[in-house]
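Heads up, here are the entries from TrEMBL:
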type: DOMAIN; residues: B:134-260; note: domain 'FAD/NAD(P)-binding'
type: REGION; residues: B:486-525; note: region 'Disordered'
type: COMPBIAS; residues: B:488-505; note: compositional bias 'Low complexity'
type: DOMAIN; residues: B:532-616; note: domain 'SoxA A3'
type: DOMAIN; residues: B:632-900; note: domain 'GCVT N-terminal'
type: DOMAIN; residues: B:924-1010; note: domain 'Aminomethyltransferase C-terminal'
Amino acid sequence: MLLIDCPHCGPRDEVEFHYGGQAHVPYPVDPYALSDRAWAEFLFYRDNPRGPFAERWVHAVGCRKWFNAIRDTVTYEFLAVYPMGSPPPNTSTASPPAHDSAHDSGSDPS
Amino acid sequence: MTAHRLTGYRVDPDLSPGHGIDRDAGITVTVDGASVPAFTGDSIASALIASGRLGCGPSIHMSRPRGILAAGVEEPNALLRIEARTPGAPSESMLPATTVDAVDGLSAHWLQGMGVLDPAGDDAYYDRKYVHTDVLVVGAGPAGIAAAREASKTGARTVLLDEQSAPGGSLLSGRDETIDDTEAVAWACAALDRLTAQPDFTYMRRTTAIGSYDANYVVAVERSAADVAAPASAGVARARIWHIRAKRVVLATGAHERPLVFADNDRPGIMLAGAVRTYLNRYAAAAGQRIVLATTNDSVYALLEDLHTAGIAVPVVVDSRPEPSDRARAALEATGARGVFGAAVVGTSANGQADASDTGGTADRGRVTAVSFASVDGSGRPAGAVETVPADTLAVSGGHSPVLHLHTQRQGRTRWDEAFAGFVPEAPVSGQSVVGSANGAVSLGTALEQGAHAGHAAAAETGARGPLVVPTASASAPGPVHPLWLIASPGAPAGPHGPTAPRAPADSEAPTTAQPLAGNGTPALAPEHWASHFVDLQRDQTVADVLRAVGAGMRSVEHIKRYTSISTANDQGKTSSVNAMGVIASLLEDADPASVGTSTNRPPYTPVAFAALAGRRRGDLYEPARVTNIQPWHVAHGAEFEDVGQWKRPRYFPRAGEDMDAAVLRECAAVRTSVGFQDASTLGKIEIRGADAPEFLNRIYTNGFKKLAVGKGRYGLMCGADGMLFDDGVTMRLAEDRFLMTTTTGGAAGVLDWLEEWHQTEWPDMDVLFTSVTEQWNTIAVAGPRSRDVIATIAPDIDVANESFGFMEFRETQLSNGIPARICRISFSGELAFEVNVPTFYGLAAWELVDDTGQEFGITPYGTETMHVLRAEKGLVIIGQDTDGTVTPQDAGMGWAVSKLKDFVGKRSFQRTDTARPDRKHFVGVLPVDGVTRLDEGAQLIAAGTPVTPEAGPVPMIGHVTSSYLSAELGRPFGLALVENGFNRMGEIVRSPVGGTLVDVEITSSVFIDPEGKRRDG
């Protein structure tokens, strides 16, 4: 049972949260400018790294707020939590999550 | 109470401490019908041993005689069914006799490796508790107590769990040990007495940590004292499942001893040496009267001394090590016992068939009568003559395996420790430490030191500090360990299949290995000579089985254990897992057991009753049910309910003698010809507010919402970014900046999440807020040609004429009984229909008003089944029934609701090659050609002429039936379906299986009634 540090409510059990997949994959500003391939990559392709991974969580049965987190996919340890729209912080063992080309054409809501 | 029969196996108080028993509290238990005297504190196993009976049920597959092997949870043989203690309660199966406390009057029966679940219901209470702590210590042996003491005195909140009923762990098995110059068991009890007087310290006895999960979340089972002492009383939980979140965890879980693998090593009377010592010192029970010891390490010499003190004969100690260690030499000198070094037990003799007149029936059947041993030479073959000595018991120690289940459940790694000859933690898991024999500590002094330091450090890591005090005990340097994985039988032919004798190590660091490979990498040992060398007693698996697995090409322990079933019984291989790895490594000529991989321990550490896991979440408490406050009326009127999400919704309201079909046909006819009403309160309702609410809805829905006028509603479709239908519903504009969205009943929570996600993660600057108001409003659907008459009466203040109150409009008003209401003209049946929304407080009153008012028109309550039929007749889709996440609005025939003017979530995906295909699966109607057969929902559809034979191979499917009903209006069954290229197959006859035969089905429009839409205005 993960212990997740909601930025608004503090540490709570994993069952209060929903997982939101990879972070920093913004909705493309102009989806129609993308090739089918690039659009499909936005829709369906996500990174699956071994180690630190920036991902989205929502405190679904708590404050209902979305936030970002860096989590190690090997140890499941949360290395950082940070607000939606913020760039990923430097965690000691974390390298910034990779963006692929499809994602670069979008913009972060920050 | 039966009179006590002293048997000669219960040792006198001056000869054994008997730490665990109360000799003044004599009780009686019954095993297989025979009375067994016991003392309070005995386990069933110790009571039996104290009666000279260590035979148990036969082995699972081979029916070989077996006896008690161990003294704890690792016991593989002695499995019991405990009979119900109170009438009607269930019996419990598969309980090791070593773990069941003897209580007066308890009755048990031996099992042959397998139990039967008692079908009787378990009505006892089981509770679930949650606790947060700074430091959790698992195991109240010396290391655990030392850890708890150092942690607790800093003020850190500390929880100490222990599976035993008394503190001390391994100390309970010993005697004459001292800690801080105090007798060790007394030290443990005194330490616990002081600790439990401290604030924020909790000691939970009879509590087993069964699982360790992320972020130091540990689940434990506490068996109640009441359960042990007496039948469960009302209101007292029989067991509690503890969910413990700890900042730091100290694992002081001890070690399990390993048996030795030699011919007929499963005979009754062959026991773990540590267990023999536990029975002697803790329970004052002598396992036998002539006990041979066989070992690979120093641990049996304490047993030798204790047996000597108790006056029990030890004819010989057979030690695999070439030379006696200091410890061995001292003990042999002190006791005068004979030690044979560089030797191994190679076989035993046993009793023949049982003497049926014996009180235990099977008590002595197959029991050891003599032990044969031989020295092994430098290459591992028996050297010199085999010597045989009479003995009734053989106490074996093949080394020790640290109990690391909780460590490895957290992906903690282990490494093979050559000196300890066991898997020890490579490093503790983050936030945890492992101490004592679980960490490979051999001496008491080392265990105490590790425990004290770990408890001190754990508390310090939570911010609590105190002086570190390490309890002192004699710390003897451990002698070497000389593992023996395979011990060949004397006389087994060396023959063409290779040597059958084990090869002894050249030095003490290398374990004994056989020479099993015949040059081509396959084992050369003949399985028939290894068929009674048991590796897993509970699974009846031998070295011969491992040989077959290796011969079949398997090399990894993970494969071999699945091929053989070794370590997969409910003891999870506590005595067999490492031995299996040693055997495999020997057969493969690998240096150490770690080279064949490691197996993974999974929770639970020991079996746990499902009833305990379920706790009180049974029956009505299994899952919370949501009901509307009109529910009492539904119940009073005989509704049959169905689950929709967590809601209980009336499915239909049968009258006397009606089945569902009859009731639904009647309800449908009432709506189509007069008026019906339905409780639609469960539909999700989300209020959306903010200056950007119109723009937000415009982006979320496929159709436009910006221009929706206040006072009107619109049906909208939502898609995922992939363009697939996700939810639908009507949204009303209550004010310029305020909307009320309705969703499907089951989709409400998901839609709210969806809106929040897009707002918070993509468009955080938009001024919009979402509030679930599902439970704030009751919704009553009033449908049918006479619905306007009903509404006109209950809402006298509004003009309900079609010209004044148009379709998809709503009015705020007051009902005739004074209830405030919002009435909408919405139809999910194609008929003239209204929805009356009232604050929840008035829901039942409004419902009854509609009911009363409609009586003159024969108003009929209807349920979800009728609602489904009515909407299907009109070709209206139900998201999630007629769609499955691969259906676009266009596929569903609702391209009309997809805006071409604006962008919205999912629109880009409609241009994807696959999504834009004209021959995707389309939403169509299906009519069975014979006019009477009802198709099966979910049934496949195939093109006419498609062969359905084995010869023709796989049958290409063109779609499936999504909905199928009888229609009162049509006078026939009909259905809806998703069919490849369906829009272009109108009139085509396809086929669908019904009850094993294929029936012809016509593809039609999905709209079966009133395609012109004339009825909706009445």
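Glycine is no exception: its Cβ is also placed from the backbone N, Cα and C atoms.
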State, in range form, which of B:134-260, B:532-616, B:924-1010 has the highest count of Cβ pairs under 8 Å to the domain 'GCVT N-terminal' (B:632-900).
B:924-1010
Go ahead and report the DSSP secondary structure tallies for the domain 'Aminomethyltransferase C-terminal' (B:924-1010): helix first, then strand, then coil.
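The domain 'Aminomethyltransferase C-terminal' (B:924-1010) comes out at 3 helix, 41 strand, 43 coil.
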Grab the pLDDT values for the domain 'SoxA A3' (B:532-616) and give me their mean, rounded.
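Over the domain 'SoxA A3' (B:532-616), the predicted model scores a mean pLDDT of 91.
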May I have the DSSP-based helix, strand and coil counts for the residues of the domain 'FAD/NAD(P)-binding' (B:134-260)?
34 helix, 49 strand, 44 coil
Using DSSP, what's the helix, strand and coil tally for the domain 'SoxA A3' (B:532-616)?
37 helix, 6 strand, 42 coil
